[in-house]
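A.B. asks: Summarising the annotation, TrEMBL assigns domain 'ABC-2 type transporter transmembrane' to A:9-199. Residues or ranges marked as transmembrane segment in TrEMBL: A:21-43, A:55-75, A:96-121, A:133-155, A:167-185, A:216-237.
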Amino acid sequence: MSSLVLAHTRYLVIEQIRVPIGILASAFFPAVSMVAFVVPFAGRDPVAATTATGSLMFFGAMSAALMGLSSAVAQDRDLPWNPYLRTLPAGPLPRFAGRILSTLAVMLLSVIPVLLVAALFTEATITPVRLLLGVGALVLGVVPFMLMGLCVGFLLASKAAMAVSQLLFFPMAILGGLLLPPQVLPQFVQAVSPYVPTRGAAELIWAAVVGARPGVVPLVMLAVWTVATATAAFWAYRRDEGRRFT
Amino acid sequence: MTVLARAIDATRRYGDVLALDHVSLDIRAGEVVGLLGPNGAGKSTLINLFAGLRRPTSGTVELFGGSPLDPATRRGIGMTPQETGLPESLRVGEIAEFVCAHFPDRVATAELLARFGLEDLVRRQVGGLSGGQRRRLAVALAFAGRPRLVFLDEPTTGLDVGARRALWEGIRSFHEEGGTVLLTSHYLEEIEALAERVLVVDQGRVLADDSVRAVRGMVGTRRVSLVAERSGDRIDLVVNDPDRLVVELVRSGTPFSGLEIRPATLEEAFLALTSKEPAHV
């Protein structure tokens, strides 16, 4: 079974690496934001620079998770290759696990440019332990966005999935304080911010990388969002299965 | 003989559409069965039921005595993907390796590709293959796991004559080694060349299930062809009783030459079985 998971993961990673635009798209915007905003305005302050680096790493990871998964799953459903795979002697698990693992791999690749900019051009500092904790927080925080991506991908055609995931992506990134720190956001945004899943994920990462004290409400909301998106993704999967394979 | 695949009173509906209507049939070990029918007749639905892609609305479908929905049961079958859906960015060798990895008793990738004349394309990306090369790769994938039963849906559509003959050879040698094949085709010539048994399907029902020769004979028609001496034109007639025609012809004293009488082709039999009106005279 594990060798099949590996076979599926390898095939999906190769597919994404051969068409690297998806990886570039996830890596490009956060890296540019680092150079344009963090380096000149917060580059001198180690804590602010490290915090901003964590935020933008999550921005890239979230893009890979939400937009990458939703369009990949939606495109899969369009292709006759997908029903063919179901005639092979494997249940749905290797395919599913391969999708998740390959998305994680691409996600980790796409945060490297941000890390490089931070290391080379800012005063951001981090210990190896905190870096590992940060990556762990990143993976944990990105779970609801992966589930959201799966849900959108199972529900919509590929073009619509692209558009909808972008519509979800930018408002959540801004409301969660990934582009600007929450303290400088307008009052009404600050009121909403603790309730979006991006804020909880960001607080987890900030806690990991600079030891900031995370708020209780954002963390509880992150858990609530994870359960809610898991339910929605499972429902969307079952609905799609029922339509195409019963 | 061992039954490899069996449908018992299988019915399949898609909403209001009745795709299969109480179909019962056995596919026995060592057979090459041709599945013949117009578009929308239910051929693909039948294969999808056997391959575990769909469940019957009522009735049962068995594969090797088990359920096609169980992945372990499917180790014994091979399918061709539609070549339009092959992942474009993967290399030929990578796809073959990936599919082979699903089977405990797998063929070595190099051997599989060589058998279908693809050994020089191992490093080529699928996106750069010609239509015929894709088709050959798709058919090769059906044989990745040393299957006992192979489903070939239109295996040679889009191939030139040479490539088609080569593929036929591959299917024949699989059969000679004891393999079982269920094959659909638009080319009746292909069914006549490969299959021993024919299932004619239309509107979700099996209209005929017999040897190629018997299905041909089922229509009972003969094609009589002769040249009328007076005009020099060749005349073709499709008749039920060629003996009587010839007797009448000789009695009438009309001069003729080049008399040929042959059984109806599978195509004529097929058209006669699937059209609602009687085909000819």
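Each residue's number is its place along the chain shown, starting with 1.
From the backbone N, Cα and C atoms, a Cβ is placed for every residue, glycine too.
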A.B. asks: Compare A:55-75, A:96-121, A:133-155, A:216-237 by their Cβ pairs under 8 Å to the transmembrane segment (A:167-185) and return the stretch that comes out on top.
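C.D. replies: Per the Cβ count, the answer is A:55-75.
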A.B. asks: Relative to the transmembrane segment (A:96-121), which of A:55-75, A:133-155, A:216-237 accounts for the most Cβ pairs at distances under 8 Å?
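C.D. replies: The stretch I would name here is A:55-75.
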A.B. asks: Go through the chain and flag residues at least 6 beyond the ends of the transmembrane segment (A:55-75) whose CB is under 8 A from any CB in it; none is fine as an answer.
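C.D. replies: Same-chain residues near the transmembrane segment (A:55-75) but 6 or more away: 22-23, 25-27, 29-31, 33-34, 38, 99, 103, 106-108, 110-111, 114-115, 134, 138, 141-142, 145-146, 148-150, 152-154, 156-158, 160-162, 164-166, 168-169, 172-173, 177-179, 181, 198, 201-202, 205-206.
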